[in-house]
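Accompanying notes for the structure given below.
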Amino acid sequence: MTAAVLGVIGGSGVYDLPGLEDVREEAVSSPWGQPSDALRIGRIGETRIVFLARHGRGHRLSPTGIDYRANIDALKRAGVTDIVSLSACGSFREELPPGLFVLVDQFVDRTHGRASSFFGNGCVAHVSMAHPVGPRLQDRIAAAAKAEDIAVVRGGTYVCMEGPQFSSLAESRAYKAQGFDVIGMTNMPEAKLAREAEITYATIAMVTDFDCWHPGHDAVDVAAVVAVARANADKAARLVARLARDFPQTREPCPAGSHRALDGAIMTAPAARDPALMAKLDAVAGRALAG
Ligand SMILES: CSC[C@H]1O[C@H](OP(=O)(O)O)[C@H](O)[C@@H]1O
Ligand SMILES: Nc1ncnc2[nH]cnc12
């Protein structure tokens, strides 16, 4: 049985996790690069928590400049089994106004040029991304929200744009017409890499704005995002604290298969594998490669 460790990735406006106890900081080094910040390792109740500020403290890193592979690898090395991503986002729906939390279950990747896989020449793998969010983890987040009387909407599609500029009006209208629900700049390739690392992933998409499509609202700007993110911070911390207090001590199997995502996914024959890449995969693919 694997001990459950809850990872929390804090996005814009979330650079710390109030309520985290017995905290120690660890600057985990990764063969993939530089994680966004030192990990803050502690507990809430009996649950072990590892917090990482996605953009680093002081918001040093742009969505493009974040080393997502280093972040996921560092969390894996710290024993994280489940990740909750706290992410600011714009909304394409009237009924998803600023202040609301959306538990998205799908992602569309419109990023380009970001390193989006741990695998490649020398060790090829294809994991399923059909269901990128762990349904049981999402159930637990929804239950925690209910217990804390925090309104959430379950289900939705998060389109991840490259940024850092916000969308043009034409882009915003096109995303809305395509049926996407919310937009951000960070959850891809983060969710893909979590899946490759066999970490269960779920996002709490915190709506901060109506992007720029809404005739009754100003186009999004940083001041608007920060104001709503600040107002949301306490709610987000309460939600995570409740989730943590009610979290199981051992890892639950994920109905989407994230706990064994690499089973059958690695194509490259053992004799054809690149030893240098295999060494870098020691943490994220350790279970599958040992088996
Ligand atoms: C500050 S507005 C744009 C910025 O906010 C979101 O960040 P995160 O997902 O880390 O909360 C969005 O994706 C952009 O990176
Ligand atoms: N409208 C928006 N577009 C992209 N990323 C965002 N993060 C918060 N609001 C956003």
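From the backbone N, Cα and C atoms, a Cβ is placed for every residue, glycine too.
All annotation found in TrEMBL is predicted automatically rather than curated by experts.
What TrEMBL says about this one:
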type: BINDING; residues: Ser12, Arg54, His55, Ser87, Ala88, Thr186; note: phosphate binding site
type: BINDING; residues: Met185, Asp209, Phe210, Asp211; note: substrate binding site
type: DOMAIN; residues: 6-244; note: domain 'Nucleoside phosphorylase'
type: SITE; residues: Ser167; note: site 'Important for substrate specificity'
type: SITE; residues: Val222; note: site 'Important for substrate specificity'
What binding-site residues in Ser12, Ser87, Asp209 place CB under 6 Å from ligand 1?
Ser12, Ser87
Looking at the recorded positions Ser167, Met185, Phe210, Asp211, Val222, whose Cα is closest in space to that of Ser87 (phosphate binding site)?
Met185
In the structure shown, which of the recorded positions Ser12, Ser87, Ser167, Thr186 has the fewest Cβ neighbours within 10 Å?
Ser167
Would you work out the biggest C-alpha to C-alpha distance among Met185, Asp209, Phe210, Asp211, the residues that bind substrate according to the record, and give it in angstrom as a whole number?
15
If you compare CA-to-CA distances from Phe210 (substrate binding site) to each of the recorded positions Arg54, Thr186, Val222, which comes out shortest?
Val222
For ligand 2, pick out the binding-site residues His55, Ser87, Ala88, Thr186, Phe210 that have a CB under 6 angstroms away from one of its atoms.
Ala88
Take the domain 'Nucleoside phosphorylase' (6-244) and average the pLDDT across it for me.
97
For Ala88 (phosphate binding site), what residues in its own chain, 6 or more apart in sequence, show a Cβ-Cβ distance under 8 Å?
Gly11, Ser12, Gly13, Gly184, Met206, Thr208, Val225, Val228, Ala229
Please compare the recorded positions Met185, Val222 by how many other CB atoms fall within 10 Å of each one's CB, and tell me which has the fewest.
Val222
Where the distance is taken from Cα to Cα, which of the recorded positions Ser167, Asp209, Asp211, Val222 turns out closest to His55 (phosphate binding site)?
Val222
